[in-house]
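Q: Input: one structure, supplied below.
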Amino acid sequence: MAFNLRNRNFLKLLDFTPKEIHFLLDLSAELKRAKYAGTEQKTLQGKNIALIFEKSSTRTRCAFEVAAFDQGAQVSYIGPSGSQIGHKESMKDTARVLGRMYDGIQYRGFGQEIVEVLGQYAGVPVWNGLTDEFHPTQILADLLTMQEYGRSKQLHEMKFAYLGDARNNMGNSLMVGAAKMGMDIRLVAPKAYWPNDALVATCQEIAKQTGAKITLTEEVQEGVKGCDFLYTDVWVSMGEAADAWDERVALMKPYQVNMDVIKATGNPQVKFMHCLPAFHDDQTKVGQEIAAKYGMQGLEVTEEVFESEYSIVFDEAENRLHTIKAVMVATLGQ
């Protein structure tokens, strides 16, 4: 390997250099090609991996499980009600127990400090499947998808806008990813929903070294102009109270990604991205409640955009598999 990431944790992109991130993206593309060609080599044969989920998941769980199986590893799923973590046993103690039984551990849950403790004490590679602050495996998938749809542009030549709740783990992580890779990112959101000042300052310092451009704005037209990609996420995140909806919907409605926003980019080849799940129709229980209460068909994105030729959300979702596999292979593979 050009870079030795063996035995490294993957907790947040701030811990990795641009060259290391590029290496993981290149490895992801290589593993994706091998899977399609049927030539994949099993580099995790005989490895045992624990998947800790204190928050439920579809894409992250499936991606980790299939990636592990493809590479020859065995997994143990530890769900929200399947352990004593935080109830009868601290994460520090849990880490030291699981680290003696498993070769690698994935954690999806709440505070970033929890996965940091796990990474400090486990003694084996720990991978962040999502915390309240960061979602680094998603960003790798996003960057790989942007490379695939970049029309010969390099990442540092791309412009993209994130609309909506920019203080959540996706806003934070996309800003970090853009800063690391020298990209032009616009965080388009109400000022109260911008990332915290300390993280913005950290990313601005990184941007000085990489040539990235970070813009925070409340103006949709200004923010999306000339973009190659538009990105959004749900307006109310996992674990937030139900009574947050009314205020949030009223505040975020101007930041919905609809066809007017697509056209405002001035780029007929612009692509739409979303980490999923998305509230874009009334085919779910939540979607029906939204339609009944707010008279809206879709929240953060309209059905028209979600199902349009601009949308690449399912290619993006598939890339969770390939990038997660790359992280496991790079840090644990033989």
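From the backbone N, Cα and C atoms, a Cβ is placed for every residue, glycine too.
Copying in the features that Swiss-Prot gives for the protein in this structure:
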type	residues	note
BINDING	Ser57, Thr58, Arg59, Thr60, Gln84, Arg108, His135, Pro136, Thr137, Gln138, Cys275, Leu276, Arg320	carbamoyl phosphate binding site
BINDING	Asn169, Asp233, Ser237, Met238	L-ornithine binding site
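Could you give the neighbours, burial and distances for every feature on this list?
A: Cβ neighbour count for His135 (carbamoyl phosphate binding site) (all protein chains, 10 Å cutoff from its Cβ): 26.
Annotation for Asp233 (L-ornithine binding site): same-chain Cβ neighbours under 8 Å, separated by at least 6 residues, are Tyr162, Gly164, Asp165, Asn168, Met170, Gly171, His274, Cys275, Glu300.
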Q: My understanding is the cutoff is Cβ-Cβ under 8 Å with a sequence separation of 6 or more in the same chain; which residues meet that for Ser57 (carbamoyl phosphate binding site)?
A: Arg108, Gly129, Leu130
Q: Would you pick out, from the binding-site residues Thr137, Asn169, the residue whose Cβ has the largest number of other Cβ atoms within 10 Å?
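A: Of the binding-site residues Thr137, Asn169, the most buried by Cβ count within 10 Å is Thr137.
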Q: State the three-class DSSP label for Arg320 (carbamoyl phosphate binding site), counting H, G and I as helix, E and B as strand, and everything else as coil.
A: helix
Q: Taking the Cα atoms as reference points, how far is Asn169 (L-ornithine binding site) from Thr137 (carbamoyl phosphate binding site) in Å?
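A: Cα to Cα, Asn169 (L-ornithine binding site) and Thr137 (carbamoyl phosphate binding site) are separated by 12 Å.
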